[in-house]
Structure formats: C-alpha cells, structure tokens
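Trainee: Provided herewith is a single structure, encoded as structure tokens, for subsequent inquiry.
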Amino acid sequence: MSSVRVECVVSSGFGIGESPVWDEKEGALLCVDIPGRRACRWSPGSGQLQAVPLDAPVSSVALRKSGGYVVTLGTRFAALNWKEQQVTTIAHVDKDKPNNRFNDGKVDPAGRYFAGTMAEEIRPAVLERNQGSLYTLCPDLSVVKHFDRVDISNGLDWSLDHKTFFYIDSLSYSVDAFDYDIQTGKIDNRRSVYKLEKEESIPDGMCIDTEGKLWVACYDGGRVIRLDPETGKRIQTVKLPVDKTTSCCFGGKDYSEMYVTSARDGMDKEWLSRQPQAGGIFKITGLGVKGIPPYAFAG
C-alpha cells in the first residue's frame, strides 16, 4: 500500500466548504462556500483561488455540457457564466418553505442534476426536521421531485454499472442505496448499505472510485472513510487535521488525488486555535485508487 499523505492546499477558511468537483478542461477544482455565498475555482498550477460572489447560499456546483456551470442557489437551480460572473435562474423549488435551502447536488450518468433541500440550520446539524426533498433538474429543464421528509440532503453518487444510486440523508447516520433506472432517472427500493459508527459522526459528502467503493466525508468526524457497498464494511479510514470534513472528490490529471472540503462555522476561538486549517481544502495522495470524471449537466 502506498503511503497516504494529507496536505492543506487552500487555507483561506470557508464557512462551509462543499461540493468539490474537478474541472478537467480548466485543470482546476470547483467548490462552494455555502454561507460565504461564493462559487470558487482553485488552480493547482498557479495556487490561485478565484471566486464568484452570489446572491444566496450556494450549496453545489456542477459542470455543464454547453459550457459554464450549474449551481444550486437558495432554493433555485441556476446557470453560472463564470467569465461574465452572471447567474440565470433555471427553476425554483420548495416555494412554500421560505426557510429551506438546497444542500448537496451532483449530475447523474445521463446528465441530470440531482440535488436535495433542507431547512436552514439554527446551528450546525440542528434544524427543523423532515423539511427537505430530493429533486432532479432534467436536461429539458423540468424538475422531478423524488421524495420528501428529508432532514439534511447530502452525499450522492451512482454505481459504475449505473444501476444503483447512493444517497445520504445526514441525520439518518446511514449511507443508502436505491435501484436506479438510467433511462428514466427513477429511483426506488431504498435500503441502508452502511450505518456510521459513533466516532465517525455525521455522514456528509460522498464520491465513488474506479473499484466501485464509496468514500464518505464524516462531518465532526475529521475523516473520510472508504466503504464497500456490497458487503457493508468499512475498508479504510483517512484522518484529517480538522473535525468538520464536509465532502470529497477525485481530481488531478489522472483522478488519483482526492480533494476534501471542510467547514469552520460553529467553531469557537479555542477550537479554531487548535485547528487553524478548519475551512480549508485538503489534498490526499497515495490512496492507490482513482476516481471517475464528473458527469456534466446535459441541459
């Protein structure tokens, strides 16, 4: 096994860093700062972090086939023109729930943008329960609602054979699987494939590797864990120097590097003095596995 190395590559603290996505064309890492209301792009070559300020909490970003990006912003799906720093609303959800916002989102293998909502938090992981829903923005720009009564809609990804959808509702402390139909985007037959252990804390963002294993960032657990969804067993744990690890993705030239976002919201001075890199972005190398390129929204 190669030696695993964890390094902080962006230390300018994000309130809640989320939704890391590798943009191969730009050779850069996309991510968002939810309370900071900014979409960011970090270039490993120059070490430069660019940001586009937005008018609402932005919780996920994804590539778009026709150019630019798509984001979830407040309770809207929107298009983001990076060069012009312009945002165009595509669709609005949860109009009857003014206290809601989107959380994590990701594009499926057919180019649909899946994203879920939640109630605004009173403080980290404390909120009105069962207020969220899981949605899909389809390439024809219509919106499908899959189910409601979600607490904190979070990590999502698809199996390599495109037959299973993996999903995390954080406060269930579980990684769930659904049967997934790539033709229609429909999901059903929900079951749990992994229950988090106490010290792993709260499951947050998630990604899949080329061996079909899942990587889950554990909020307040200070780690990413690698799971086998077939056996329900944890295979590996990588600890980070911050507690509030939020999400993960593979990137770099051959997708052999893992990038992990983190948060600093809800940490007091003493906690921050112990973890000065809280809210930073971390790069993990030497994992010995690779990820798959992200899918782009087809609309």
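Glycine residues also receive a Cβ, built from the backbone N, Cα and C atoms like all the rest.
The feature domain 'SMP-30/Gluconolactonase/LRE-like region' is assigned by TrEMBL to 16-264. If you look up TrEMBL, you'll see GLU18, ASN154, ASP204 marked as divalent metal cation binding site. Residues or ranges marked as substrate binding site by TrEMBL: ARG101, ASN103, GLU121. Positions annotated as active site, proton donor/acceptor by TrEMBL: ASP204.
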Trainee: Taking the mean position of the Cβ atoms of GLU18, ASN154, ASP204 as the divalent metal cation site, which residues outside that list, in the same chain, have a Cβ no more than 8 Å away, listed in sequence order?
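Mentor: Other same-chain residues with Cβ inside the cutoff are SER19, ASN103, ASP104, ILE152, GLY155, ILE168, SER170, GLY205, ALA217, TYR219, THR246, SER247.
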Trainee: Here are the binding-site residues: GLU121, ASP204. Which has the lowest count of other Cβ atoms within 10 Å?
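Mentor: Each of the binding-site residues GLU121, ASP204 was scored; lowest Cβ tally within 10 Å is GLU121.
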Trainee: In Å, how long is the longest CA to CA span across ARG101, ASN103, GLU121, which the record gives as the substrate binders?
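Mentor: The span, Cα to Cα at its widest, is 11 Å.
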Trainee: For ARG101 (substrate binding site), write down the residues of its own chain that are at least 6 apart in sequence and whose Cβ falls under 8 Å from its Cβ; none is a fine answer.
Mentor: ALA56, PRO57, SER59, GLY74, THR75, THR117, MET118, GLU120
Trainee: Do me a favour and check the Cα-Cα span between ASN154 (divalent metal cation binding site) and GLU121 (substrate binding site); whole Å is fine.
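Mentor: About 14 Å separate the Cα atoms of these two residues.
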